[in-house]
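Trainee: This is the feature table in Swiss-Prot:
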ACT_SITE  Cys83  active site, nucleophile
ACT_SITE  His193  active site
ACT_SITE  Glu195  active site
DOMAIN    4-213  domain 'Glutamine amidotransferase type-1'
Amino acid sequence: MKTSIAIVDYGMGNLRSVAQALMKAEPAADVKIVDRPEAIRAADRVVLPGQGAMPDCMRCLGESGLQEAVVEASRTKPLLGVCVGEQMLFDWSAEGDTKGLGLLPGKVVRFALEGRLQDDGSRFKVPQMGWNRVRQTQAHPLWDGVPDDAYFYFVHSYYVVPDNPAHTAGETLYGDVFTSAVARDNLFATQFHPEKSAEVGLRLYRNFVHWNP
């Protein structure tokens, strides 16, 4: 029987590219972009994408009527947060003093890199845009077949700071070391975009399809 994956459509996120990447990673999966609570409840696993500003994402999720179904899914189903979808899992964001879903304890803060120079003498830019390495800080099924220190694609100005260091699954250096992937029980989330990260991103998505926490 096919595993069914609901990509949550609350009006914020690159849904089609996520769906296409999941279907390419595992053609046998039943991937759907969904905008109804019952479709989230019916799915075997859930992807929460997010792009733009966290205040807008949280507002749109609340207005969509899907927030309760996402929180319900987070208790029992494999759930993958991507980019702002990762940030939304936490308690609070400094971006617009925004309350998150509170599924993982911690906060979201902005890069404090103004005026700092990189090794080549150029200034750090915020947002970080481009490829960067992810060092795996814990063994996890979603890292299966993904080389440690592999390059993933990032576009962001904010990043998560988990209260519990054990929830950090990956770290990245951009001026300072920050948490770029988190994991706890049936939750996994990334600051980077797997769908924009070539073969290693597809591998992570394939691992998510087959993950049974």
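Note that Cβ sites are derived from N, Cα and C of the backbone, with glycine treated the same way.
Help me see these features in their spatial surroundings.
Mentor: All protein chains included, Cys83 (active site, nucleophile) registers 29 other Cβ atoms within 10 Å of its own Cβ.
Every protein chain considered, the tally of other Cβ atoms within 10 Å of the Cβ of His193 (active site) stands at 21.
For Glu195 (active site), applying a Cβ distance below 8 Å and a minimum sequence separation of six or more within one chain yields Asn14, Ser17, Val18, Gln20, Ala21, Val82, Gly201, Tyr205. Under the DSSP three-state reduction, Glu195 (active site) is assigned to helix.
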Trainee: Take the domain 'Glutamine amidotransferase type-1' (4-213) and average the pLDDT across it for me.
Mentor: 97
